[in-house]
């Protein structure tokens with residue numbers, strides 16, 4: 001039991017403890033942990049000698065802490081739990097609990113490389129049906145390997161950052177034109193954050209997942225469908241994606257998700273040896289997409305065909321090094337039903353079937369629109385783990 | 001005239017002065033400038049008060065120096081030229097000239113984001129003919145925008161780093177198999193290194209090229225053609241490229257290339273306004289590819305369809321931010337002739353026409369093979385500017 005008041009039923013109780021980076025007028029950027037509607041100032045706690053993490057908790061990003069590795073992650077989490085549950089610590093710790101409303105949340109980690117997978121069978125099938133009607137919706141390679149590509153790490157921004165509508169070329173019947181995107185979309189995804197690096201030439205096994213991956217962060221991979229459609233042959237998405245990718249301010253450690261691991265969908269045909277993960281586990285993360293405050297979709301992460309452990313093994317089968325701060329995202333999360341899809345492309349079936357938002361018929365994002373993706377997972381003993389939220393409002397280009 | 005002896009006719013005379021990072025047993029990693037067969041220890045020179053760059057020359061990467069911007073780049077170059085030409089400085093500077101053989105060259109800068117373009121019409125045409133025989137070799141978008149994609153920044157390595165042959169999936173008539181790549185290739189490219197960043201939402205104009213770009217570096221974008229062919233639909237190259245990209249240890253500043261700017265090929269159809277660069281200039285960089293010491297190709301960079309200024313404008317038309325250390329490469333450089341192509345895929349026409357190397361018929365890279373790409377450019381007053389070299393030897397996977 002915690003001595004912190006007001007945590008009963010909170011998805012941010014001591015069973016969760018996600019990490020972020022914050023600052024206040026008086027406090028330089030530092031690591032914090034979310035506790036209900038408060039942030040526990042971990043940088044301050046380390047300075048006061050209440051927790052020990054080699055000085056990494058006073059840094060302005062999570063990277064140095066994440067580089068310490070799982071034994072240290074576990075030790076810090078245990079210590080933080082102790083600080084919040086043993087009332088002997090209350091007097092020392094309470095002054096370090098700052099109301100969320102009083103802090104500014106920053107990008108939690110410097111993104112090293114950003115990889116985006118494409119691991120929802122339902123999403124890939126929907127996209128195939130929309131863009132290649134009458135043909136097999138999944139390409140021949142799709143069930144043999146988790147398709148992915150590299151995105152732009154330098155434009156990953158923290159939740160709340162305004163999203164400037166991108167300009168670029170799009171195809172029209174009269175030829176390509178340049179201007180602001182008219183098919184601006186979202187992709188609701190889950191990102192995995194690498195803490196422990198691996199050297200060049202090394203292959204990380206699926207079973208090494210928990211040694212390398214620190215935690216999970218919600219991702220909105222904003223996508224300009226018109227720019228993407230014109231540019232992506234033959235080398236894949238580029239400017240249709242690289243203008244911005246938003247992530248939540250909170251990284252949920254894997255330890256908080258112990259109760260969320262569930263059997264992943266069966267894979268047929270059988271996968272290559274290096275992609276075999278036993279047990280073959282996905283995560284029961286339940287996303288929610290709000291468009292201007294109206295819930296329009298509830299994508300179920302448990303439906304993902306490829307697991308994050310398989311994605312890690314695939315990412316490194318060629319000997320590619322991992323760095324602390326690497327972020328790999330799942331790809332758009334879509335379930336079987338129309339109200340479970342993770343993009344407006346699917347929600348409006350390629351921009352042909354409008355949805356009602358705020359009493360209007362809508363297809364893609366208008367300036368001023370706000371999209372908020374949130375998520376929860378089952379926690380221990382019937383609790384709920386909150387995954388934070390990733391929100392952004394579209395503003396017009398200058 | 002320089003007081004340094006042995007520089008007559010050297011492509012690394014005082015007209016060149018490329019930047020790198022080096023260390024010795026006695027000296028921590030720091031910035032240096034190549035002068036003939038020596039490195040001028042710029043970190044030591046700054047410490048001794050001989051040159052001033054806000055302390056950035058003692059750092060283990062070029063990034064902080066590159067972030068200072070063009071006026072500082074020019075001032076440091078002028079000062080280094082003065083140190084090497086005014087014999088009044090000889091006594092102070094000579095002890096800072098270290099034989100290249102005595103230093104270890106390191107990765108010259110931390111790569112922020114790595115983008116690879118596809119800007120040679122000849123290369124794109126060759127690839128189209130090889131992979132899509134009987135169809136138009138260039139896709140409809142190719143002449144409207146410089147096609148590009150993001151690569152893996154974390155696996156950019158300095159020249160001389162051994163290249164571990166990547167493993168991965170490839171298609172066979174019996175279905176996909178996993179193993180070491182059997183079609184390992186090179187791509188001879190030229191990279192452009194961003195010094196001055198731009199904020200999210202800003203569009204850099206083609207005319208801003210020299211304000212943002214610090215200099216030029218040779219690139220070998222190693223490519224596993226079999227892995228790439230199986231994985232790349234629909235999101236582009238991923239593991240077929242991400243195992244390693246080698247860059248030269250020397251970054252040639254734009255100032256050294258003043259005499260190398262030449263009119264770029266005419267563009268038809270006319271390009272979008274944001275891609276118009278006036279004057280429309282390419283660079284007369286002459287590459288050379290050696291396979292186990294035998295020259296097999298001489299790709300001419302002057303033939304590139306899209307210019308580096310156009311690539312910069314395209315990269316940011318969607319508001320993507322630039323960061324110090326961003327590297328964008330040209331794409332494979334190929335000229336009109338078979339002996340001018342920048343990949344073995346083209347040299348052997350898709351692996352169907354072997355070339356003789358070391359008395360043997362060869363298609364792709366074998367373990368133990370070494371590939372060295374070097375380059376020169378015309379310098380002022382009939383001099384030659386050496387672009388360094390990027391070399392790598394293939395080793396078998398563990």
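Glycine residues also receive a Cβ, built from the backbone N, Cα and C atoms like all the rest.
These numbers come from a predicted model, not from an experiment.
TrEMBL lists A:241, A:245 as Mg(2+)-binding residues, and of the candidates A:221, A:226 the one it assigns to that same site is A:221. For residue A:189 (Ca(2+) binding site), the binding-site residues whose C-alpha atoms fall inside a 10 Å radius of its own C-alpha are A:332, out of A:132, A:228, A:232, A:241, A:332. Between the CA atoms of residue A:187 (Ca(2+) binding site) and residue A:332 (substrate binding site) there is a gap of 5 Å. Each of the binding-site residues A:132, A:187, A:189, A:228, A:232 was checked for a CB under 8 angstroms from a CB of chain B; the ones meeting this are A:232. Spatial neighbours are here defined as Cα atoms within 10 angstroms of one another, and by that definition the neighbours of residue A:332 (substrate binding site) among the binding-site residues A:116, A:221, A:245 are A:116, A:221. Distance from the CA of residue A:221 (Ca(2+) binding site) to the CA of residue A:241 (Mg(2+) binding site) is 7 Å. For residue A:232 (substrate binding site), other Cβ atoms within 10 Å of its Cβ number 21. Remark: residue A:118 (substrate binding site) has A:124, A:146, A:147, A:148, A:331, A:332 as non-local neighbours, by Cβ distance under 8 Å and separation of at least 6 in sequence. Here residue A:221 (Ca(2+) binding site) is compared against the binding-site residues A:132, A:228, A:232, A:245, and the shortest C-alpha distance is to A:245. Secondary structure of the domain 'Fumarylacetoacetase N-terminal' (A:15-108) per DSSP (helix as H, G, I; strand as E, B; remaining residues coil): 42 helix, 21 strand, 31 coil. Of the chain residues outside the Mg(2+) site list A:221, A:241, A:245, A:114, A:116, A:151, A:152, A:187, A:219, A:220, A:222, A:223, A:242, A:244, A:329 have their Cβ within 8 Å of the site's Cβ mean position.
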